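Following: one structure in structure tokens, then a few remarks.
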Amino acid sequence: MNIVQNSIFLSNLLRSSPVFELKYDHSCELYRMSTYSTFPAGVPVSERSLARAGFYYTGAKDRVRCFCCGLMLDNWKAGDSPTGKHRNLYPSCSFIQNLSAVSTVGAASQPPAPLSEARSTHAQSPGLERSSYFSASYSSFPVDPVDFRPSPAMSPWRAGPSCVTMKSEEDRLCTFQGWPLAFPLPSALARAGFYYVGPGDRVACFACGGKLSNWEPDDDALSEHLRHFPDCPFVEGQLQATVRYTASNLSMQTLAARSRTFCNWPPRAPVHPEQLASAGFYYMGHSDDVKCFCCDGGLRCWESGDDPWVEHAKWFPRCEYLIRIKGQEFISQIQASYPHLLEQLLSTSDNTEDENTESPIVHFGPGEYHSEDAVMMNTPVVMAALEMGFSRSLVRQTVQSKILSTGENYRTVNEIVSDLLHVEDEIREEEKERAAENRESDDVSLIRKNKMVLFQHLTYVLPILDSLLMAGVLNEQEHSSIKQKARTSLQARELIDTVLVKGSSAVTIFKNSLQEIDPMLYKRFFVQQDRKYIPTEDISDLPVEEQLRRLQEERTCKVCMDKEVSIVFIPCGHLVVCRDCAPSLRKCPICRGTVRGTVRTFLS
């Protein structure tokens, strides 16, 4: 028998309200709430917050389960946030994603998503307040399938008349002299249009008269106002004044949410959390790493005197949040103060560094390395991986990569072991490539390593093609296929790739043909070994059409030969590939140096 159907009170309530048509399954928040009738009394987490986070009671100890993703949690401790734990442990859950979306200003302006996260409740009429059902442990109906918006037909939830005397935010703020809670801040409530009416934590909107109470720490005043009273004229005015922008992390869109992430901010860090949160940054939980909620740009290694807004504009000038708050003029001034930022970045890299030298991915400040390294490497999960026999240096580098990319350490042994095995496979593949290169003849290895430079400057392709055809290196089909390419650079690329595939004998014939047909290029490439700075031909005397064609070739990606180059490799500084081809390259195709990082450029 269904629990809700067994309840006389709930049945009478549903029959008396024609608006309500309740589903009898765990997707309904009211139904989930009804499963907590036998929930242990000593658990330090409220049944209401568990039901709101998508959990229903399993009947065993304090174990609960998500109706959507199946996540089971127990052993609740004081201070635990059911919504936060749900989001952290199973972020792909569609229910918890909807909760996150509703909590933002942008999302709240849309029709309410099912089972929203808001923890405040409409003020109840005296008749309903006397009922134990509408206690602090549960405070809202589900949005779907129940119509939860205030309407004249639902008198217990009807918004009161507007209060013209509270139109001023300052006047509203003065009413919070006896505010009983530390959250939300009175300034945030007043800014959201509310003034304090009591009793308890009840507030009312000056414009629509809507009343809310039973506030919890995670509540955002404006988001709650939007969710419960979307037709409020004050809310509509706020939405019209809001410039929409795309946020990379919706859960960090509010200042309060970002500020809460700084609870473990290093006390000796020279920049205050308030400054960082105001500039759009939230704390990643490691060292002094922060990220912008909007553009996802990350910054670290803060120094005394750093201004978060200036650093934001310096490194991420296209951030929509930055542009909206500070304006384009401020960003342009900061950018003008650092005209050679890209050159400085490239100059700090050592071009002569051995590609096999192990370099740490995360750079710690003075005196921080040993303590943070110890914390990072001595978690139970990491220690378990070390006990399996993985190299400590390999584990350290893998953990650092994880922290750098996600802001947190590994949570499970399976996850870290999977990544370690993947890294070992990559290392073995690189060793095989090096061994294969060593087995090849010197000429084959030379051309393979520098083929990008060679085919960029190989202009006499057709005579060499004919020579290789006569020598039997190419057949008629290969000769015709290469010859039909529209541009010389494409012909050169396919010719060299074909020769390399055929092996050392084909390379020898190609080398002899090049010596005969283009002795200048042969001398510079094979004799002088001047492969880094082969001068380009003076094209000033060529026809304008030919000059344009060659300039276009120089700006074309040397991998796909289609899109425009836009990625600079670090540390070598070569600009030869587009943004789509760059992620697949571990080594620069020009100098064969290991790619440590990339910078996107915009050619004017």
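Each Cβ is built from the backbone N, Cα and C atoms, and glycine gets one as well.
Annotation source Swiss-Prot lists repeat 'BIR 1' at 29-96. Taking DSSP states H, G and I as helix and E and B as strand, the repeat 'BIR 1' (29-96) has 27 helix, 8 strand, 33 coil.
What Swiss-Prot records for Arg130 is omega-N-methylarginine, and it gives similarity to another entry as the kind of evidence.
Annotation source Swiss-Prot lists phosphoserine at Ser140.
For 169-235, the entry in Swiss-Prot reads repeat 'BIR 2'.
Feature annotation from Swiss-Prot assigns repeat 'BIR 3' to 255-322.
Sequence annotations record features per position, and here Swiss-Prot assigns Zn(2+) binding site to Cys292, Cys295, His312, Cys319. Annotation for Cys292 (Zn(2+) binding site): same-chain Cβ neighbours under 8 Å, separated by at least 6 residues, are Ser248, Ala279, Gly280, Phe281, Gly298, His312, Phe316, Cys319, Tyr321, Leu322.
Feature annotation from Swiss-Prot assigns domain 'CARD' to 439-529. Confidence over the domain 'CARD' (439-529), given as mean pLDDT on the 0 to 100 scale, stands at 79.
Per Swiss-Prot, zinc finger is recorded for 557-592, and the stated evidence type is sequence analysis. Applying DSSP to the zinc finger (557-592) sorts its residues as follows: 3 helix, 9 strand, 24 coil.
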8 Å Cβ shell about Cys292, Cys295, His312, Cys319 centroid, Zn(2+) site members excluded: Gly280, Cys294, Asp296, Gly297, Phe316, Tyr321, Leu322
Chain-internal residues near Cys295 (Zn(2+) binding site), provided their CB is under 8 angstroms and they sit 6+ positions away: Ser248, Phe316, Arg318, Cys319, Glu320, Tyr321, Leu322
C-beta crowding around His312 (Zn(2+) binding site), within 10 angstroms: 26
DSSP-derived helix, strand and coil totals, residue by residue, for the repeat 'BIR 3' (255-322): 27 helix, 8 strand, 33 coil
Residue counts (helix, strand, coil, in that order) that DSSP gives for the domain 'CARD' (439-529): 72 helix, 0 strand, 19 coil
